[in-house]
Amino acid sequence: MSTPYAKLPAWADYGLIPVINLFVAFVVAGFVVLLVGENPFRAAVILVEGAFGRGTGIAFTLFYATTFIFSGLSVAVAAHCGLFNIGGEGQGYIAGLGIGVVCLAFDSVLPWWLTFPLAIIASAAMGALWALIPAYLQAKRGSHIVITTIMFNFIAASVMVYALVGFLKPAISMAPQTRTFLDGAQLPKLNWVIELFGAKIRSAPLNVSFLLALVMAYLVWLLIWRTRLGYEMRTYGHSPKAARYAGISEIRIVIVAMMISGALAGMMALNPTMGDQHNVALDFVSGAGFVGIAVALMGRLHPVGIVLAAILFGMLYQGGAELAFEMPAISRDMIVIIQGLVILFAGALEHMFRPYIQALFASISPKAVGIEAVKGKGA
Amino acid sequence: MDIFTAIVQILDSTIRLSVPLLLACLAGLYSERAGVFDIGLEGKMLVGAFAGAAAASVLHSALLGLGTAILISVAFALIHGFASITHRGNQIVSGVAINFIAAGSTIMLGQHWFQQGGRTPALAPGERFEAITWPGVDAVRGVPIIGPIYSELISGHSILVYIAFLMVPFTWWVLFRTRFGLRLRAVGENPAAVDTAGISVAWLRYRALICTGILTGVAGAYLSMVQNGGFVKDMTAGKGYIALAALIFAKWKPVNAMFACLLFGFLDALSIRLQGTPLPVIGKVPVQFMQALPYVLTVILLAGFIGKAIPPRAGGVPYVKER
């Protein structure tokens with residue numbers, strides 16, 4: 001056990017191990033399906049068909065994926081800086097406040113392509129603000145970011161309830177939600193893109209915020225691997241001591257990384273509010289911030305991986321809805337279990353199979369895992 | 001007199017509301033003192049609540065229900081241990097995973113077994129823990145001041161309430177007066193030293209997590225078998241996180257933990273009581289403000305404005321033997 005987690009070839013590290021972990025998570029989920037007396041293989045077929053079988057399914061899958069790309073990127077940016085931002089849920093929720101105010105103010109005056117940028121700024125600003133306080137407390141006063149961001153999730157929930165039953169809802173209405181946004185704050189649908197490929201779509205909420213999510217994924221890649229700031233963040237994430245020695249300001253880097261993370265989490269609120277429901281309602285985030293953790297872990301903190309993982313989870317959400325419809329014994333809560341299992345196996349237990357795979361590689365090709373170098377013969 | 005009765009009533013519901021927090025908080029105390037962060041308290045309470053109510057309604061016995069709650073909750077604690085101790089995974093990630101699995105599986109299995117939308121059947125009188133009436137309650141009830149305090153506050157709770165409060169001195173004794181407790185605290189501060197002394201760090205941390213599982217199981221059983229008479233989906237509703245906040249607020253000390261939980265329970269009781277009624281001087285306080293107060297207080301504490309909360313030093317770090 002002298003070198004517990006030695007190097008594997010990159011394709012095994014970024015491809016094989018996540019796939020194995022995912023596979024195990026699904027096998028365990030299969031047992032749960034078996035436990036409620038259904039056939040797991042049939043369930044898997046229904047799930048995949050429901051997600052990708054028809055145009056409408058694909059559009060829904062991508063719609064769900066949009067939100068998860070944002071929340072996954074949010075977790076990843078913080079994680080590259082060695083910070084665990086578990087507060088995406090709250091940052092996204094509070095961003096709804098910014099979106100609500102902007103949309104209610106401008107939806108009758110401006111066209112959507114002017115409201116949208118304003119709403120992006122408002123949501124990012126609110127999310128960043130909500131991450132700023134925990135970041136400041138971590139950097140300056142040494143309080144643990146995980147705990148403070150959890151606390152801020154609950155505080156955000158209270159603030160939003162206060163706002164939604166208070167000044168955001170129309171005076172005459174009882175429901176704790178804003179009035180329906182007018183055309184000026186409704187994002188155009190993207191369904192025609194899928195229809196170009198010949199599929200038919202009845203009504204699906206896939207909208208332009210999907211494109212924004214892809215742009216953000218590219219920008220995050222640029223930030224982390226192609227800018228000085230990203231380099232500093234990764235340095236701090238690997239070794240705060242080394243970063244300090246290199247003259248990187250600890251306070252600045254923690255606060256900047258968390259604010260970017262919070263801004264990304266904030267932007268995830270655009271998709272369900274302006275893109276789908278056309279209002280800001282109670283609890284509209286509904287756990288997407290936490291899904292981001294699973295997505296980021298699954299995607300190995302790389303934007304490409306995150307987009308793929310987000311689509312996978314989008315598939316689970318859409319296919320899961322179909323599954324609940326086809327198999328009454330399986331409710332949508334099955335998705336929550338699968339999420340948990342993915343987080344467990346791809347996150348907490350990510351090293352479980354590594355020693356075996358390593359041994360396998362070592363027996364096939366010792367060079368690949370650097371055995372020779374350790375023995376002092378090579379390099 | 002009216003004000004006095006109101007105060008006694010608020011204090012009574014304070015006790016009822018703080019019991020699950022207290023049990024979960026003490027549960028967290030064991031694992032965090034041993035150097036294992038546990039944000040899976042919420043999930044373990046939830047599976048405990050579900051397993052307890054389900055077993056009690058099927059087996060028609062409150063005690064068997066409690067036993068099942070503890071068993072399942074310990075099993076989840078061991079999953080956390082398997083991931084974070086044996087495989088040195090990230091403790092927070094593992095806790096998040098447990099919360100997810102608990103939230104999903106309780107509803108799924110509940111729906112499958114009982115077909116009541118994720119609920120368990122309402123528990124009959126013998127299947128839940130009944131309130132215990134202390135001797136002499138009727139005789140004392142008429143006495144001013146002492147009467148209501150004795151008959152309302154002290155008497156008339158279920159056995160789990162008394163167990164919860166007895167766990168406070170017991171936990172203090174275990175942690176600060178036994179060899180196990182000394183080692184448990186040591187493993188949270190400096191596992192290498194414990195390892196050097198020839199004691200297994202992993203086994204010690206596993207035992208701490210088993211204690212955590214037992215207590216979260218009792219906490220869950222309290223929710224579904226005392227407070228509510230049946231399991232309702234997501235019935236923990238963030239109590240695990242409040243308990244975590246209370247643990248920090250208490251600076252990882254058992255007696256402080258009791259006061260922190262009583263404070264948070266009191267805030268909860270007050271916010272229920274004060275819904276809509278204006279206070280003197282301050283005016284009307286929004287319910288949401290009262291609900292957010294425990295979290296706000298914890299953040300302020302964490303920021304170091306009310307003393308300083310210093311966590312166990314090895315907390316959150318998986319132990320790797322010297323190479």
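Quick reminder: no glycine exception, Cβ is built from N, Cα and C everywhere.
For the ranges A:94-113, A:334-353, the feature annotated in TrEMBL as transmembrane segment maps to A:334-353.
Within the chain carrying the transmembrane segment (A:251-270), a Cβ under 8 angstroms from the stretch's Cβ atoms is held by residues 66-68, 70-71, 73-75, 77-78, 80-81, 83, 85, 87-89, 91-96, 98-99, 116, 119-120, 123-132, 134-136, 138-140, 145, 187, 209, 212, 216, 220, 223, 229, 232-233, 236, 243, 284-285, 288-289, 292, all 6 or more beyond its ends. Of the two recorded stretches, the transmembrane segment (A:119-137) does not lie close to the transmembrane segment (A:57-81), with fewer than three CB pairs under 8 Å once pairs fewer than 6 apart in sequence are set aside. The transmembrane segment (A:206-225) shares more Cβ pairs under 8 Å with A:57-81 than with any other stretch in the list A:12-37, A:57-81, A:144-165, A:334-353.
The stretches the transmembrane segment (A:12-37) and the transmembrane segment (A:334-353) are in mutual contact, each linked to the other by at least three Cβ pairs under 8 Å (pairs 6 or more apart in sequence).
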